[in-house]
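Some notes on the structure that comes next.
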Amino acid sequence: MARLKGGQLLFRAGLYISLYALLVISISSLNPVTAVATPRVLKGTTPDEGESYSKYYNYEDLTRLLKSLAVKYPHIANLSSIGESVMKRELWVMRITKDPNVDLPGKPKVKYVGNMHGDETVSRQVLVYLVEYLLDRYGSDPRVTELINNTDIYIMPSMNPDGFEKSVEGDCLGEAGGRENANSRDLNRSFPDQFANINIPETYIPEVKAVIKWILDNKFVLSGNLHGGTVVASYPFDDSPSHQTEGYYSQSSDDALFRHLARVYAANNPAMDKGEPMCKDAPEERFKDGITNGAKWYDVPGGMQDFNYLHGNCLEVTIELSCCKYPPASELLREWENNRQALLAYMEQAHIGVRGFVKDARNGAALPDVRILVAGINHNITTGRFGDYYRLLLPGNYNVTAIAAGYTPMVVTNVQVVEGKASELNFTLAPLAGETSGAVTPAPVAVTTPATTTQSPTETAAHTGGDGAIAENSGSDASAESSSSPDSGSAAASEPHQPQIFRHHHYADMMLFLRKYNATYPSITRLYSVGKSVEGRELYVMEITDNPGVHEPGEPEFKYIGNMHGNEVVGRELLLNLIEYLCRNYGTDPEVTQLVNTTRIHIMPSMNPDGYERGREGDVRGYAGRNNSNNYDLNRNFPDQYTTITDPRQPETIAVMNWLRSYPFVLSANLHGGSLVVNYPFDDDPAGRSEYSKSPDDEVFKMVARAYSEENALMHTGHPCEKLYPQEFFEDGITNGAKWYNVPGGMQDWNYMNTNCFEVTIELGCVKYPRPSELRNYWEQNRRALLQYMHQVHKGVKGMVIDLKDGTGIPNATISVEGINHPVRTYKDGDYWRLLVPGAYNITASAQGYSPVRVTVSVPEKGAKEVNFLLPRLRGEGSEQVTKDGAEGTDQEFQSFIRELSIGSGLDQLLKSTATDSSFYYHNYQGLSEFLRGLNLNFPKIVSLRNLGQSWEYRTIWALEISNNPDVPEPSEPKIRFVAGIHGNAPVGTELLLEFATYLCMNYGKNPAITRLINETRIVILPSINPDGRQQAQERHCNSTLGKTNAHGKDLDTDFFGNASQRVVEAQPETRAVMDLILERGYTLSVALDGGSLLATYPYDKPVQSVENEETLKYLARVYADNHPTMPGNTGCPGESPMVNGGFLRAAEKHSHMGSMKDFSMDFGHCPEITVYTSCCLFPPADRLASLWAENRKSLLSMLVEVHKGVRGVVRDKSGKPIVGAMIVLNGGVRVFTGEGGYFHALLAPGSHNIEAVAEGYQQQRQEVLVSSFQAACSIVIEFDMDNRIFGLPREFVVATAAASMTALIVTACIIWCVCSAKSNRQKDGFHRLRQHRDEYDDEIHLTSMGSKKSLLSHEFQDDSESEEDTLYANKM
């Protein structure tokens, strides 16, 4: 019976299932969006109702489940894919809301993203459970029902389905793989970042590309990014400007709000609430209240939560759910229980703060993309397609402003936000009444409703906060662009496209504007930053040219700088308009196309972004925001020719100075506000009076100033601001700076005095911070002037300075104009530009090592005259001699080879032709040793591995030599030493040298240039001097001293003493090993790599007053820095004093100390050594190594080229015998010594140098040599004559004089002997009488000694032994 009943039950169950399936199929046919052929039926979402919580869903299971749920709950669920993974798996998103297939106003959008790291799997399952829970409880659970009815919820269980499929259940630490996507990219390090350049091709990260589009297409309000590995809620920012590995609190503008949101989640999760996750891999880790600032925990550049905040409307928190990344499925129920309430409570926070609509006052139409600003919080949001907005805020009173292009802004003060539901605040914006500045607009009306009151009409006020963190109005721009496209066939196509949107751009808004145009016009633009402001904002520059990123010889470089004074904002907006104008008209407008094709244009919209954020709209002549964040006027902060500027140099000033040194700018303008005039140098005078201070190029400056003012009709009248300054008049709209008023420390004078660049200062209007409605007028007034001024860069003379012998360009040659005391210099390829007014000039080109050339030139009215100079080489005394017996002479082929690598893009081309695939990671001692042995075994013909000694803990200190004959001495070749790891806590240098060695070996025999360098050089690499310290150091510790010293606690860079008197204790074994190597001599150059900063230093470390040969040492450090992409512009790492040095300085200025390796190499090894600090972080994460190698490889190669420069030669006697140990004195100071074969090699700075050669027994020799920065060492032969002089007198005279003197001495001696003999015979009896009275005699001696200390001393050392005479006397007694 029981069996029968069971059968009946089975039959009925099967029947019900069949009927249900039929019903589902019918529904599916009616709903193609969510149709699925075979839906999976779920019974419920609790353990009692069907969900087992005991298994993970793989991709197929997840897909089937989500599709079945979408079919089952079509009234509240819609399943879609936002894109595909690398392996073509769909990125599923379940949308849960009432009416999920349509967009309706009034519902904030919330999203959850899980499984971003494929091996962090709890989030994936928890979000599946959340989907089931919401769908199942809708209609029965009031809380869930209200949430779904009033919230637009989007849930993505897996952002990285490929990684999940690779992961292994039970892998708590992520050791089995799966974290990254199928292209091995960490998706949470791949988003655009405000503090780092994330340059990953989109094809590598389709998941990120899809999510970015999803974020930008939907104005999400709140988001949670679910991860695993610990238990905490982490909030923005995730990284910082310094990228300090940990411990740096990187605060966003909404920091308090983010802390609240994170705490809501943590407080509702019992495992997170106390902040004690007790994870096995980090049991000591604690998080106060279960939350943490992301960067304070650890630095994450390229993270998703920061992108949401900066580029979407969305506030996102990253939530770590479990200690174990991929726990056993048996733990899933517990994880769901821990997170269920937190997930619900967090979504409910989308309904706090203030919300409402923005509409057009004329017709009530919704206004999308209106900026909503909250005073005091520098972060804005924008309205959605229905004009709706949701601004999350904590309880309090706020002033809220709505700003839209073409409308009068509207501010509502004292908006009250209470706990719980959001206050409603609606805006109605009135269109601008006209384009004139004096237009009066009716006051807008605002309505606010939790207090059920109508806001009274409020006068439009300037917003005082907000950095404009919104995307450029792409909708308006897109329509304007398409409507006036040259392809549209409209009659207006022949007219230039004009900017359509005129508004003020706060920092983030400006940044997005620049990024948008860079992305839209990549073939003619390049966006880069020259540095950061005090508050860490980037100083962006947009380069516009036909070949961005490349200096083309013959093409002049031009720049505009705006917003130097933060509250003078017109220049900032005009330059953004100019960028738009140039980009959109390139290829269609002949003038723009010609300018872009023939000029390299650099535009910096804002030099003082911090000050701008403090400026106030409507400010006519105020000072709020004028200065930078340190309250210094940047236009009084540059070094001055007449006045000592005592204010500390500011980061913005330093960044711009380094920028100007890095590019060959010809012409520039600095855009200001507060008057209407072009002001030209000089800005001050020696007496500090307001009087005309004329520069040598006064006529040129007046020419370019008039070029601007004549195109600005109002400016040219000379009466700019009659209401404000009625007495002010500027003839033709231009003025000499100092005549107007005295400005010491100005930027335009520094440009002229320190670079090739001519700069003027342009005052654009009487009002410093005008209303947005006035900006269109400013553009119309200045558009032609901005273009005409750029044309001036093509006036005067231009051309090349060329080596007559080989036809190559000569860098750093001087172009002098007779009668104008202001030379300019050629750039790297030998090209130059010299602005001149029309007329006839005598122009001279000169360069070190060349004969000058003078020509007469007639400069035309229009355009520039091209004048090329061919300079013949000087033949320096003793240079380029070929020895009779085949000793080293100048190899013309090698000269050309070194020259090609030294000028232009020679090294860049070499790097492009030798790219190698590398895998970067840190090597421990064993790994390093095996790596070096591997190089020796794989490249035995060019590699020799040598054991220098052992450390305290008996680790070997290795030296690797790379040469074509590594075991054969070749004294004629220069020898270079690369050293790293003297501080074990700074191992970047070690890894760079290992990669450098690999790079050289791999390209030997394949690349001709690398092969030639190795064949001509002896390269010695010491990758790790302090292997014991390295074993103690820890990755990601940027400032830790752990591992800095050796195992005996000694900082090895304080242990190099050559004099025993200076040494207190015995040298450390590591030090002794390296000292022995240095004392082998024969080294021409040494390069040591360290960490903790970003610069190159030259000797000495010890505090000395002067440094012999300092110019050479400085030159070597400069060469390394100049070949590094960021070192010349570096203004100091966090915690360092800002510095202006081009990336190099004397070592003692950084950190003065005794006993350094650098100083020992100089004093006892007679070898110059520079120390290069490769990274601000001592021990950065391994994923930074690839970029650090990319930054340093050109500089390392440049050292292999530099070691072949200077002067080299051989010293020998007349018979041709080499003289070993001869001393070569350079410029009367530095000494080097000849080695085996009589060879020597000394590096010298470019220029003329005196060389003295000294050897015992030979006459001193002197020569003068000319050294070039782009030529191989001139080779000289020094031949010694035997030194026949005695005491500086002729040998014959000295011999004759000595003979006569000896004869006289002999005769005199004979006479004296005869006289003494005769006297001795007469006094013989007296001798016996003296001995008879010996006692009296002894007493007399004693008394005499007592009276004379000198006698006492003589007596003390008398011989008391008896003489023969004493014995004779005693016998007679």
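Using the three backbone atoms N, Cα and C, a Cβ is placed for every residue, glycine included.
Not measured: the values here are computed from a predicted model.
Of the listed segments 274-293, 614-633, 1314-1333, 1354-1373, TrEMBL assigns region 'Disordered' to 1354-1373.
Annotated pair GLU320 (active site, proton donor/acceptor) and GLU763 (active site, proton donor/acceptor), C-alpha to C-alpha distance, rounded: 54 Å. Long-range Cβ neighbours of GLU763 (active site, proton donor/acceptor) (same chain, at least 6 residues apart, Cβ-Cβ under 8 Å): HIS672, GLY673, GLY674, SER675, LEU676, VAL677, VAL678, ASN679, PRO720. Summarised as a single figure, the pLDDT of the domain 'Peptidase M14' (503-793) averages 93. Using a 10 Å Cβ-Cβ cutoff, GLU320 (active site, proton donor/acceptor) registers 26 neighbours.
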